[in-house]
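Student: One structure, as structure tokens, below. Some questions next.
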Amino acid sequence: MDQNLQVMGTLAQNGSPLEFEEQSLFSPESGTQKMQPGHISEYGSARGGFQPGVSKMWRNVVYKSIKTVIFSNKLNVLIPFGPLAILVRILTGHNGMVFLLSLLGIIPLAERLGYATEQLALYTGPTIGGLLNATFGNATELIIAIYALRHGMIRVVQLSLLGSILSNMLLVLGCAFFCGGLVFYRKEQVFNKATATVNSGLLLMAVMGLLFPAVLHYTHTEVHYGKSELALSRFSSCIMLGVYAAYLFFQLKTQKDPYIPLSEEGSLNGENDIDDDETPEISKWESVFWLSIMTAWISILSEYLVDAIEGTSHTWNIPISFIGVILLPIVGNAAEHAGAIMFAMKDKLDISLGVAIGSSTQISMFGIPFCVVIGWIMGQPMDLNFKLFETATLFITVIVVAFFLQEGSSNYFKGLMLILCYVIVAASFFVHEDPPPEGKP
């Protein structure tokens with residue numbers, strides 16, 4: 001009894017066992033006592049003791065980031081072709097090989113650039129994320145165009161941007177319809193017809209912007225020859241950029257979830273799938289870092305690619321128009337192509353439509369006018385006169401695709417027809433000789 005009373009008295013003076021344990025674990029005094037100078041030799045200095053742990057943590061972060069971004073995608077086996085293109089240019093100067101290797105090297109970089117943009121958009125919210133996608137969604141095409149514009153290759157800029165629009169509208173959308181139709185061959189896939197109508201209207205407006213400078217030029221009705229056409233192009237470009245800004249505001253603020261199916265069942269399934277897909281795989285600053293690395297590397301390869309275009313045309317005996325309209329868009333549209341097909345095979349046709357038609361809208365209403373304004377700043381006479389053959393091709397393509405989208409449904413046969421339309425376009429540009437520039441007084 002006396003022994004129990006003695007224990008209770010001790011607890012009353014020192015506190016409960018739980019309090020004693022908490023004090024020994026968490027109190028500053030206990031930590032200070034453990035870090036006395038006499039104990040430094042046993043534990044190491046505070047700074048030196050934590051350095052190995054921090055260093056190991058950073059190594060793990062870097063390793064995980066590289067593994068996620070570089071080694072998680074099979075397409076990245078093409079990345080070594082980029083340095084190989086630079087090496088071939090230095091050692092041999094063979095334009096055809098430099099062009100081919102640069103083309104192959106940019107493909108995985110364009111895909112990873114889109115991946116980093118999507119990861120960063122998950123941290124910024126829908127509004128900023130939409131602006132990021134609008135800016136970097138076609139960054140590869142714009143980087144190539146700016147380098148070509150800096151070298152005075154205005155026709156290459158026009159042809160490459162035109163080719164991106166044609167490729168997205170016919171090849172990418174056609175493959176999405178075709179593959180989705182084969183997977184779900186027992187039913188017709190449906191999509192949001194209202195969203196498709198808005199995009200078709202924007203594409204027709206872009207055609208109008210390209211058509212009038214060409215008609216003005218070929219009818220010889222300019223008030224000031226050689227100046228009215230350029231002035232009209234720059235004015236129309238500013239208007240088109242303003243319309244695209246209004247479209248972004250309408251899409252991000254006014255219209256909610258434009259690429260989610262309107263039916264309740266489709267909407268619910270779409271929301272669940274998107275929630276599953278919207279888990280970030282890398283951190284925000286990792287996304288910014290990889291975005292910078294991919295953009296810089298694409299810029300370096302784009303310069304080699306642009307420099308080799310004319311030599312490749314002579315070496316391979318291929319028209320520059322075919323290289324610009326057909327071959328160059330393969331680079332920028334690789335990510336869109338794969339993504340559109342993947343979503344269509346998961347019965348998410350609205351997202352596939354947003355990838356294919358949305359990308360065409362970005363280039364036509366933002367990319368082309370943006371290059372006109374950049375050329376204006378650089379002192380390059382970049383205009384919206386894409387010549388009659390190219391403008392007629394774009395006009396017919398927009399009309400054909402608008403007819404295909406008006407019903408709000410798709411199947412594999414519609415996809416096959418769009419693919420074959422693209423084959424006809426490719427064959428047309430293969431036999432098309434770009435006319436020499438006219439001498440202007």
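From the backbone N, Cα and C atoms, a Cβ is placed for every residue, glycine too.
Note that TrEMBL annotation is computational and uncurated.
Feature table excerpt (TrEMBL):
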DOMAIN    97-252  domain 'Sodium/calcium exchanger membrane region'
DOMAIN    288-429  domain 'Sodium/calcium exchanger membrane region'
TRANSMEM  75-91  transmembrane segment
TRANSMEM  97-115  transmembrane segment
TRANSMEM  127-149  transmembrane segment
TRANSMEM  161-185  transmembrane segment
TRANSMEM  197-219  transmembrane segment
TRANSMEM  231-250  transmembrane segment
TRANSMEM  288-306  transmembrane segment
TRANSMEM  318-343  transmembrane segment
TRANSMEM  355-378  transmembrane segment
TRANSMEM  384-405  transmembrane segment
TRANSMEM  412-431  transmembrane segment
Student: Pairs of Cβ atoms less than 8 Å apart decide it: which stretch in 75-91, 97-115, 288-306, 355-378, 412-431 has the most with the transmembrane segment (161-185)?
Tutor: 412-431
Student: Taking a Cβ cut-off under 8 Å, which residues six or more beyond the ends of the transmembrane segment (97-115) line up next to it in the same chain?
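Tutor: Answer is 69-70, 73, 75-85, 88-89, 136-137, 139-140, 290-291, 294-295, 297-298, 301-302, 304-305, 307-309, 311-312, 327-328, 330-332, 334-336, 338-339.
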Student: May I ask you to check whether the transmembrane segment (288-306) and the transmembrane segment (75-91) make contact, with contact taken as at least three Cβ pairs under 8 Å and only pairs 6 or more apart in sequence counted?
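Tutor: In contact, yes.
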Student: May I ask for the residues of the chain that lie six or more residues beyond the transmembrane segment (318-343) and have a Cβ under 8 Å from a Cβ within it?
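Tutor: For the transmembrane segment (318-343), the list is 75, 103, 106-108, 110-111, 113-115, 138, 140-141, 144, 155-156, 158-160, 162-164, 166-168, 171-173, 175-176, 179-180, 305, 309-310, 312, 349, 351-352, 355-356, 359, 390, 425-426, 429-434.
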Student: Report, as numbers and ranges, which residues of the same chain sit near the transmembrane segment (231-250): CB under 8 Å and 6 or more residues beyond its ends.
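Tutor: Distant contacts of the transmembrane segment (231-250): 130-131, 134, 198, 202, 205-206, 209, 212-213, 216, 361-362, 365-366, 368-370, 372-373, 376, 382-385.
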Student: DSSP says what for the domain 'Sodium/calcium exchanger membrane region' (288-429): how many helix, strand, coil residues?
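Tutor: Residue counts in helix, strand and coil order: 119 helix, 2 strand, 21 coil.
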